[in-house]
Structures are given as C-alpha cells and as structure tokens.
Amino acid sequence: SRSLRSASSCGGRAVAAMAPSRAGAALRRSLLLLPPLLLVLVSAGLSGYFGTKSRYEEVNPHLVRDPLSLGPSAASSRLPAACTPLQLRAVLRHGTRYPTAGQIRRLGDLHSRLLRRRPAAASSSSSSSSSSSSSSAEAACPAAADLAAWQMWYEESLDGRLAPQGRRDMELLARRLAARFPALFAARRRLELASSSKHRCLQSGSAFRKGLGPSLSLGSDEVEVEVNDSLMRFFDHCAKFVALVEENDAAMCQVDAFKEGPEMRKVLEKVASALCLPVEELNADLVQVAFLTCSYELAIKNVTSPWCSLFSEEDAKVLEYLNDLKQYWKRGYGYDINSRSSCILFQDIFQHLDKAVEESKSSKPISSPLIVQVGHAETLQPLLALMGFFKDAEPLKANNYKRQMQRKFRSGRIVPYAANLLFVLYHCEQVKSPEQEYQVQMLLNEKPMVFHHSNETISTYTALKEHYKDLLENCHFQEECELPKMNVTAGDEL
C-alpha cells in the first residue's frame with residue numbers, strides 16, 4: 001500500500017532558482033525564422049513526446065507513407081496455415097480529438113496574456129520615437145509577437161469532440177483490420193459495435209463501421225453503436241477509484257511535486273524568457289497547454305504550430321514525463337485500484353472467448369465473431385496495467401526523472417489517438433495436443449505483444465487462462481470498487 005499522507009511521501013524538494021537561459025531564448029527566436037520545411041523537422045523532433053495526445057502514426061511510422069499498409073509486423077506474426085481465426089475482440093481508443101473546454105480556456109488565458117503584453121502598433125499620429133520603441137520591443141520578443149498574431153481558433157464548444165482526422169483514423173483502422181483478418185470480416189459476419197457515451201467515441205464507432213464499406217455488408221450497412229459505459233467507462237462506476245484517486249488531490253502528489261521541481265522550473269523559465277513574460281505569470285499547467293497546442297495542431301491539421309517553437313527536444317522529454325506521471329498515478333501502476341477497476345472488462349473479454357471456444361467445440365457457428373468497443377485512453381491503460389504490461393522495476397516519481405529516461409511506461413507509445421488492443425482467438429488443426437487446438441494472439445496498435453508467461457507472441461488459450469487464473473477468479477468489480485466501511489484515510493487505504 002502506498003501512502004498519501006504528506007507531500008514528503010512524494011519526494012518533496014526545494015526548487016532551485018535558475019537564471020533564464022539567454023542561449024535558449026536566442027535559439028527559440030531563431031526557430032521562428034526557419035523556412036516551413038525546417039519547421040516541420042522541428043515539429044517532428046517534438047512529436048515523439050506528446051504522450052496521450054500523440055498521433056497514431058508515431059507508433060506506426062509506415063502509415064505516413066501508406067495509410068493502408070499493414071506494416072512489417074503483419075508478415076512476421078502469421079500463425080501456421082492450419083489456424084483459422086474464430087473471434088476478434090477489439091478495444092479501441094477514439095480517434096484524434098479537439099482539446100477539452102478546460103484546455104481551450106487555459107490556452108485562451110495564455111494567448112490573452114501575450115496580447116496584453118504585445119506593444120500596441122504605432123498609430124499614424126504617434127511619434128517616431130513611440131513607433132521605434134514598439135518595433136524594438138517586437139524585435140526583442142519575436143516568439144511572443146508571432147504567437148500573439150496566431151489566430152485563436154479553438155472554441156469551448158469543441159470540447160473534446162472528434163476531429164475530421166479522428167474519423168479518418170477509425171476508417172483506415174477498420175480497413176487495415178479487414179485486410180488483415182479477411183475471414184472474420186467476410187460478408188454476413190455479425191459485428192457487435194459498442195462505445196462509451198462520449199460523443200467522440202460514438203462518432204469513432206460510426207467511422208469504424210463506415211471504413212468497412214458496404215461491400216462487406218456485415219448483416220446491415222447500418223450497425224447500431226450500443227452505449228456501454230459499464231465496460232468502456234468502468235472507472236466512473238468504481239466508487240473507490242472516484243473517491244480515493246479521481247477526486248482526491250493528494251493522490252496526485254507526485255505530479256504536483258514534479259510541477260514544482262527543478263526540471264519543470266527550468267522549462268518554465270525558458271518559456272517565460274522566450275515570451276518576454278515575468279516567470280510569475282506562468283505555471284506548469286500553462287506551459288503544458290502551450291506544448292499540447294503544438295501537438296493538437298500537428299494531429300488535427302498536420303501543420304507545425306508556432307507554439308512548437310517554444311520547446312526543444314529536452315523540454316519535450318520533461319513535459320512528456322509530466323504527462324506520464326499523471327497517467328501512471330491515475331490510470332496505471334500508481335495505485336492498485338486503477339487497474340483492479342478494469343477487471344469487469346477483462347473478465348468480459350474472456351467470457352466471450354470462452355463462449356467462442358465452446359461453440360467451436362460443439363461445431364456451432366460463432367455467435368460473436370467480431371466485437372469492437374470504443375473507449376478512451378483511460379479504458380485501455382488500466383486494462384494493460386491489470387495484465388502486467390509496461391511495468392517498470394521502479395515506480396515513476398517526481399524525483400527520479402533521469403533514472404526513468406528508458407522507462408517502459410510511455411503513454412504516447414501505449415495509448416496514442418486510435419490506440420487499439422486486439423484479442424484474436426484461433427482454431428488450429430494438425431496440432432500435437434488438445435491444448436494447442438485453440439490459440440490466442442494479442443496485438444497492441446496492430447503489433448503482436450509478447451506474453452509474459454511464454455515470452456512468445458502466440459499462446460495456447462489454456463495457458464493464457466492459467467496465467468491469469470487469479471484475475472479471472474478473484475477480481476470482482478463490485479468488491480474491488482466498494483468503498484471501505486472503516487473510517488480510514490485515503491493514504492491508508494491506497
């Protein structure tokens with residue numbers, strides 16, 4: 001159990017005072033003068049560090065060249081010819097989305113500060129000395145001037161909605177999966193399509209269905225998207241998680257400590273210097289929203305935003321760690337309830353796999369050959385943690401940034417936009433033992449995962465169930481998520 005009793009448990013540290021880096025500020029000013037092609041290269045240098053706001057192409061670069069390419073992993077992960085896929089269970093994250101209303105408000109706040117500090121343009125009646133002073137100030141802060149001139153086009157009504165690129169993400173994913181598993185996506189095969197109640201997920205589900213096209217005619221061109229928050233937003237229904245993590249400020253003490261730590265302080269002072277703003281006017285949240293605006297413009301519009309020019313690759317690594325800390329402590333390994341709350345989804349996956357095995361053994365048609373569910377990064381991250389993937393030997397903390405440079409837990413590599421976790425059940429003939437008749441593959445973002453129990457990318461279904469026997473038998477959602485009846489502190493419980 002991990003205590004949240006005091007800030008000292010988060011490795012609280014005194015923030016060292018650092019002078020703004022003139023060299024860093026000069027570098028940022030010079031970036032604004034680069035031609036468009038070189039600015040794209042600058043953006044590419046940052047794009048690997050956008051965390052959960054990363055484009056899907058960051059984990060599958062071959063899709064930049066050919067959006068329908070199955071990639072090198074498809075050929076290398078094929079099962080023997082005698083294996084036929086029986087069922088595919090896909091848990092997807094929605095496609096590329098707009099910022100949330102809260103992020104848009106913070107961006108508007110930062111942009112307004114730049115507009116307020118920008119010297120007013122000299123009027124026709126202004127003296128030449130006033131005009132000269134204004135021009136001099138503009139020249140001293142080209143980054144601030146450029147960003148003040150940037151058009152604030154985000155509106156709060158966008159509030160996390162699916163962007164046009166997000167629809168393309170889902171349509172293309174559907175087409176690639178249909179090409180990879182043609183037998184499962186053949187005509188008149190039944191598709192069960194479910195989603196969280198969030199608009200971006202419902203639209204992602206519809207876009208996925210559209211990507212399959214009428215030629216596949218999965219029973220009907222119009223497959224209804226069922227809302228299933230109990231599986232796709234299980235965290236909202238877990239009282240223990242909501243009370244002790246979601247609504248408990250102390251649970252994020254590692255995140256808060258890193259925001260005040262020397263690494264973030266250095267980034268904050270460099271950005272303040274580039275914008276010619278007093279460092280007191282900025283905080284970690286405003287700096288992060290500037291960085292994420294760079295990511296949104298790249299993901300949504302495929303352009304390099306002037307906001308990108310504020311950051312170096314080293315800055316990006318620090319800001320990625322801030323994002324990963326939040327994911328780790330709120331959705332990953334930070335607290336057991338984060339992952340244990342997903343056992344309702346985990347067990348549902350295996351119940352459907354069990355049913356497909358039973359139907360196959362009885363020579364019955366598989367009633368649910370295709371199950372596609374659309375949720376969130378917050379749906380996938382706890383599930384993967386429950387299964388033990390991407391776990392580092394040392395927890396991510398505010399005071400071990402440098403030791404975690406090679407960490408496994410990098411949210412942008414795990415749950416970018418359109419992330420997908422696939423369970424594929426196969427029936428295999430010409431096998432040496434009955435246990436080998438039913439085998440399973442897991443793919444994350446279309447790449448085969450290595451099972452912990454076998455160190456292979458293929459497992460017998462029997463061995464996989466044995467490996468997760470304790471979770472399948474003893475992880476009960478209601479019991480896991482029940483608030484403790486005793487009067488204990490969050491720190492004691494977690």
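Keep in mind that glycine also has a Cβ here, set from the backbone N, Cα and C atoms.
Feature annotations, reproduced from TrEMBL:
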type	residues	note
DISULFID	Cys83-Cys428	disulfide bond
DISULFID	Cys294-Cys308	disulfide bond
Protein Cβ atoms within 10 Å of Cys294 (disulfide bond), excluding its own: 25
Cys83, Cys308, Cys428 as disulfide-bonded residues, winner by CB count within 10 A: Cys308
Cα-to-Cα gap, Cys308 (disulfide bond) vs Cys428 (disulfide bond), nearest whole Å: 51
Alpha-carbon distance [Cys294 (disulfide bond); Cys83 (disulfide bond)] in Å: 45
Length of the line joining the Cα atoms of Cys428 (disulfide bond) and Cys294 (disulfide bond), in Å: 48
